[in-house]
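Q: This is the structure I want to talk about, given as structure tokens.
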There are 2 protein chains.
Amino acid sequence: MTRLNETHDSSLTSWVASANGETDFPIQNLPFASFRRAGSDETFRGGVAIGDQIVDLAALHNSAPFDGLAGEALAAAAEPRLNRFMGMGQAAWSALRLALSRALRSGSEQQASLQGCLIAQTDAEYGLPCSIGDYTDFYTSVFHATSVGALFRPDNPLLPNYKWVPIGYHGRASSIGVSGQKFPRPQGQTKAPDATEPSFGPCKRLDYELEIGIFIGAGNELGEPVSIDRAEDHVFGICLFNDWSARDIQAWEYQPLGPFLSKNFASTISPWIVTMEALAPYRTAFAHPAEDPQPLPYLSSESNSREGALDIQLECLLQTEQMRNNGEAPTRLSESSFKHSYWTVGQMVAHHTVNGCNLQPGDLLGSGTQSGPEHEEAGSLLELTVGGKQAISLPNGETRTFLEDGDAVVMRGYCAKPGAARIGFGEVVGTILPARV
Amino acid sequence: MTRLNETHDSSLTSWVASANGETDFPIQNLPFASFRRAGSDETFRGGVAIGDQIVDLAALHNSAPFDGLAGEALAAAAEPRLNRFMGMGQAAWSALRLALSRALRSGSEQQASLQGCLIAQTDAEYGLPCSIGDYTDFYTSVFHATSVGALFRPDNPLLPNYKWVPIGYHGRASSIGVSGQKFPRPQGQTKAPDATEPSFGPCKRLDYELEIGIFIGAGNELGEPVSIDRAEDHVFGICLFNDWSARDIQAWEYQPLGPFLSKNFASTISPWIVTMEALAPYRTAFAHPAEDPQPLPYLSSESNSREGALDIQLECLLQTEQMRNNGEAPTRLSESSFKHSYWTVGQMVAHHTVNGCNLQPGDLLGSGTQSGPEHEEAGSLLELTVGGKQAISLPNGETRTFLEDGDAVVMRGYCAKPGAARIGFGEVVGTILPARV
């Protein structure tokens, strides 16, 4: 795992003034996205966030390229999608991060040449940061698995495999969109418990899922597992991820092969990928409770126990159409942290590949809904409303059991602690349109 | 659906002599693949099978291009992957088919210019015909679902949703390989029914699944369902598909979210994609048994009932290492037909998109294991050996419950009937290597 280095020094400041105050994107962060000027037909290209600005990596590559490995990495990261850069591996990612950190620091001699490569984030629109070949969703919150399991299988909430197997399943890559995604309420088959036959129509139990997304960097060859100790060498970074879910469609379709149409109508990621290197100060110890089974050897390592977890604070907010029309800000529904995850990022990668499955640069792993131990920390409406039985009251007097047309769901994430710079993820927003008639 | 036209005329012959005898690839077939000379470092390009030869579409495009839409289609089909051609839609596919049919017919004036574009299939190696963005596996054989369900859930073999919902789930695209694929026996967690804890090691119940693969041609936009009547406009063609399965890993991991590591270590397709147009003579009527639920309106249409099914004969063969060393041919394990499928290709596409999920050119849909109504028609060893309890005897005296190291599984498929040309699929072969130590 990445060691702390000069780029993490919390005393560093940038000549980009907005990076030095309250921001998700101080000089210690330097996350990557694919962007262009909003409303333009420019080619998308890689960018790095600094304060409220974006370093246009294509402009930088053309006007003031870096030398050596940092320069090779910059050339790859300047492309419309980050896949080639992601596939270059840790040494290249670190070289570019260090070069950017030095160039953006207060007093840097490169300030003049970088100044012309800045674009305000408010002037930008984002694309998918990379081509996502395969998307896998895990199920790593034992609190989510238990409370959702109790709703789908009251007699059998947490299945016997859960504490042994990092449960995951394949999702749909084509319908993943970037923050700002709007999509119609899905239609499909549902069957009420007391009905004799299913019926067809718009989903009545539309939900979000508060997740993080994990981007694979360097891949592995088919047939060659990645060991737990090398697992994070293959991980580029992390984004926020909303894995929208149609609960009524899910309940009827999911046996025996798992969720399908209840999940694949849309999934939304935040535009910025925060690198694993930027998150290094926020690693924490990881252990299963002593009374639980301990991970099998292929899921176990000393470094995974010492610092396998990440304390990423997550929050989920809702802005209804009425709130938006009245100029009211989104209201918070819940807060949680990825540190509650029952499995680490390294364990997900080691498990995914232990059978020889090949991962490729740009592949996305969802963490599964990150519900915390308390009811208020639930990462979905299904849990917050106890299966739709207890409506939530919003500040403006509206109530919700599940999402309604016009609702926008906002997720935010950040890492913060004394003595380290705040590392923010920005936000991911998605909006429900009425069902297609 | 595609109407019969001059390209289907069973009396047509080709100036390529091998296309006129016993062959999977007469002039009425004209399937597509991506190929290059075996052992070379040539660029892959599109090719069309004719008898024992391949028309090199890149050479044809360079030396004697077609006019009009057929020429545009040829240019796209000459690329290393067929995705752009597949995305052009039915009119382009038909135009190229017609032009190739006329050029390859006995007496064609184009014989001289095409002669130089032929490469013997024995001199070729194949790549994936297209970049597969997403792979979905369906579960359309009610016979397979019932017999496998009885093994995994003796008390509850066929779940209540089966006859209403074309059950499907997402698979792994990265590990799909083309015929000739060899891969190590997967390792993973398994738990014997009487064990208190899982153990880790090589799969002991490795199996094949006899499927067809359905390639999407033109895609649909996110949020825009494809109606059953238009569904086949989006389907380019069909290949053979072996969806390898690790049954012991599957049994322990698959609840509640479905199969994952038990399936994603490898899947193998045949190199040739037979177009839906070539299959037009083999359409048959389709109906659910009268005592079963009739499909909901979004899965129902007059043309789907009249000719939604396809009578594709399938067979599965095994060649053990010992047989190979002794020069013995593969031995047949079972025969079946896609006509037994409980859901049609059109229903799969309509169901997949009804929630707004977007399909893209090159996406692959697996049919699910195509077991027929009789025990001998089972499309997997799990079924043929009744969960590994009844070993199969091979002609050379060996026995099998599940696959052993060195085993090669061969699948073949064809359509044949009086008055129509045979439309063959060639074969798909895959071989098990020992587990990685």
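Backbone N, Cα and C atoms are what each Cβ position is placed from, and that goes for glycine too.
The domain 'Fumarylacetoacetase N-terminal' annotation in TrEMBL covers A:28-129. The Ca(2+) binding site annotation in TrEMBL covers A:ASP137, A:GLU209, A:GLU211, A:ASP243. Annotation source TrEMBL lists substrate binding site at A:TYR139, A:ARG153, A:GLN250, A:TYR254, A:THR369. Annotation source TrEMBL lists active site, proton acceptor at A:HIS144. Residues or ranges marked as domain 'Fumarylacetoacetase-like C-terminal' in TrEMBL: A:164-428.
Can you tell me where each of these features sits in this structure?
A: For A:ASP243 (Ca(2+) binding site), the count of additional Cβ atoms within 10 Å of its Cβ stands at 26 [all protein chains shown]. For the recorded site, A:ASP243 (Ca(2+) binding site), the DSSP three-state label reads coil.
Long-range Cβ proximity for A:TYR139 (substrate binding site), meaning a same-chain Cβ under 8 A and a gap of 6 or more residues, is found for A:ALA145, A:PRO166, A:ILE167, A:GLY168, A:TYR169, A:GLY368, A:THR369. DSSP assigns A:TYR139 (substrate binding site) to coil, not to a helix or a strand.
In this structure, A:HIS144 (active site, proton acceptor) is part of a helix by DSSP.
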Q: Taking the Cβ of A:GLU211 (Ca(2+) binding site) as the centre, how many other Cβ atoms fall within a 10 Å radius?
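A: There are 30 of them.
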Q: How many Å separate the Cα atoms of A:ASP137 (Ca(2+) binding site) and A:ARG153 (substrate binding site)?
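A: Each residue's Cα considered, A:ASP137 (Ca(2+) binding site) and A:ARG153 (substrate binding site) end up 20 Å apart.
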Q: Taking the Cβ of A:TYR254 (substrate binding site) as the reference point, list residues of the same chain whose Cβ is under 8 angstroms away and which are at least six residues distant in sequence.
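A: Spatial neighbours, sequence-distant, of A:TYR254 (substrate binding site): A:PHE152, A:PHE260, A:SER262.
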Q: How far apart, in angstrom, are the most distant Cα atoms among the substrate-binding residues A:TYR139, A:ARG153, A:GLN250, A:TYR254, A:THR369?
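A: Result: 18 Å between the two most distant Cα atoms.
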Q: Counting only residues 6+ apart in the same chain, whose Cβ is under 8 Å from the Cβ of A:HIS144 (active site, proton acceptor)?
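A: The list for A:HIS144 (active site, proton acceptor) reads A:GLY368, A:THR369, A:GLN370, A:SER371, A:ALA378, A:GLY379, A:SER380, A:GLU383, given in order along the sequence.
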Q: Do you know offhand how many angstrom separate A:ARG153 (substrate binding site) and A:GLU211 (Ca(2+) binding site) by C-alpha?
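A: So the Cα of A:GLU211 (Ca(2+) binding site) lies 23 Å away from that of A:ARG153 (substrate binding site).
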Q: So around the Ca(2+) site, A:ASP137, A:GLU209, A:GLU211, A:ASP243 aside, which residues have their CB within 8 A of the centroid of those CB atoms?
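A: The surrounding set, listed in chain order, is A:GLY171, A:LEU210, A:PHE241, A:ASN242, A:SER245, A:LYS263, A:SER267, A:GLY366, A:SER367, A:GLY368, A:THR369.
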Q: Whole-number Å only: compute the distance from the Cα of A:GLU209 (Ca(2+) binding site) to the Cα of A:GLN250 (substrate binding site).
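A: So the alpha carbons of A:GLU209 (Ca(2+) binding site) and A:GLN250 (substrate binding site) sit roughly 14 Å from each other.
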Q: When you measure from the Cβ of A:THR369 (substrate binding site), how many other Cβ atoms are you left with inside 10 Å?
A: 29
Q: Considering every residue in the domain 'Fumarylacetoacetase N-terminal' (A:28-129), what is the mean pLDDT value?
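A: Summarising the domain 'Fumarylacetoacetase N-terminal' (A:28-129) by its mean pLDDT gives 98.
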